[in-house]
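**Q** Input: one structure, supplied below.
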Amino acid sequence: MDGNENPNPARTSLWRNARLATLREELGPLGIIEDGVIAVRGERIVYAGPEAGLPSELARADQVFDCEGRWVTPALIDCHTHIVHGGNRAREFQLRLEGATYEEIARAGGGIASTVEATNALSVEALVEAALPRLDTLLAEGVSTVEVKSGYGLNVEAELKMLRAARRLESLRPVRIVTSYLAAHATPPEFRGRNGDYIAEVVLPGLTAAHAEGLADAVDGFCEGIAFSPAEIASVFGRAKSLGLPVKLHAEQLSDLGGAKLAASYGALSADHLEYLDAAGAAAMAKAGTVAVLLPGAFYTLREKQLPPVEALREAGTRIAIATDCNPGTSPLTSLLLTLNMSATLFRLTLEECLAGVTREAARALGILGETGTIEAGKSADLAIWNIDQPAELIYRIGFNPLRERIFKGERILR
């Protein structure tokens, strides 16, 4: 079969002769099942296990696909991105290479202000067109779920416009989009020095409007000396909780302000970056079930020296996910496979931590682990089939895309 195949709700499909890395924890590292088979009815997995255990009624499938001994994993999940935005910062990158400081670039109209200006200038349709190539690059590597943030509008209508564009992507590609409202990302020039006014006049009204329109799946913020204080973020999180929305936080990227502990106190889905996280913050996150999302693309691009405290996260039992952080300024990265290699090479994550970090734990970081992230009965049939001899190849190789096919909600998407 060629191209995309839409699932019939009553149709049963089998993927046989597969080596499964299910990521189910009860099955041990990577949840491996040799000589595996996956049965899908409509959009849902109804069996994933050894061939010998396949129920006889499922063996009489409407269509059968031979994986020819290939590895099958859950489809990948990029749980932290900013792919909806206008413009790019290539000129700024060039200036940095020539020795310009961040302050000099900002004074010249660069930095986040340039992205805000470019984003505000575009319509929803133009933002969608700008985001599609970034999204397509991720999907081509086996990604089926992408988190998308606002945060480059910094006024109510522009933040809503970004979220509308993110929602539109889901109707144009076979992908699950999870949105995060991130108006508390930076303060625009007209509110400089008046963070409280910006939150009261833009962030909170925008949040209420986004919720009313069904545009926000979660609420994010940037807790840092150059952005918002813990108290300011708390006011945003309080409103989010009153609306029944989960929260997450950019925290401890440049300093330790206690953002991770704040996030944990609100039961946040995740706290992200975390280079300056301390042991107490890691413990608070573990207790709250808040996932640590590590972002090696930003670490690499900014030439950071402070590594996230991976060992402290392990000792605390904090779950770890990884993501591209695709954004125009500090992580212009649209390869989750390269992110896997960076996470292992720069942060010393293990094979199991890396693969769980873009599947099971990434789903946990988005609050959708009940829907996707592992291969097991009851979950969405979101799968990736790879031309590899062993799972380590997904992390070890650089500039290598071994995806054979992607399956999203039971639909085959062939490369």
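Just so it is clear, glycine is given a Cβ too, placed from its N, Cα and C backbone atoms.
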**Q** Have a look through TYR152, TYR181 and flag the one Swiss-Prot assigns to the N-formimidoyl-L-glutamate site that ASN327, GLY329 belong to.
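**A** Among the candidates, Swiss-Prot records only TYR152 at this N-formimidoyl-L-glutamate site.
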**Q** Which residue of HIS80, HIS185 does Swiss-Prot report at the same 4-imidazolone-5-propanoate site as ARG89, TYR152, GLN253, THR330?
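**A** My reading of Swiss-Prot gives HIS185 as the candidate in that site.
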**Q** Need one number for the 4-imidazolone-5-propanoate-binding residues ARG89, TYR152, HIS185, GLN253, THR330: the maximum pairwise CA distance in Å, whole number please.
**A** 21
**Q** Write out, in the order they occur in the sequence, the residues of the chain not among TYR152, ASN327, GLY329 that have a C-beta within 8 Å of the mean position of the C-beta atoms of the recorded N-formimidoyl-L-glutamate site.
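**A** Here the non-site neighbours turn out to be HIS82, HIS85, ARG89, ILE112, THR115, GLY151, PRO328, THR330.
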**Q** Tell me the Cβ neighbour count for ASP325 (Zn(2+) binding site), meaning other Cβ atoms within 10 Å of its Cβ, over all protein chains shown.
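**A** Excluding its own Cβ, the number within 10 Å is 27.
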**Q** Which residues does HIS185 (4-imidazolone-5-propanoate binding site) neighbour through Cβ under 8 Å, counting only same-chain ones at least six apart?
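**A** Spatial neighbours, sequence-distant, of HIS185 (4-imidazolone-5-propanoate binding site): ILE112, LYS149, SER150, GLY151, TYR152, LEU154, ASP220, GLY221, PHE222, ALA227, HIS250.
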**Q** Starting from the Cβ centroid of HIS80, HIS82, HIS250, ASP325, which together make up the recorded Fe(3+) site, report each further residue of the same chain whose Cβ lies within 8 Å of that point, ordered by sequence.
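**A** The answer, listed by sequence position, is THR81, LYS149, ASP272, HIS273, LEU295, ALA298, ALA323, CYS326, ASN327, SER331.
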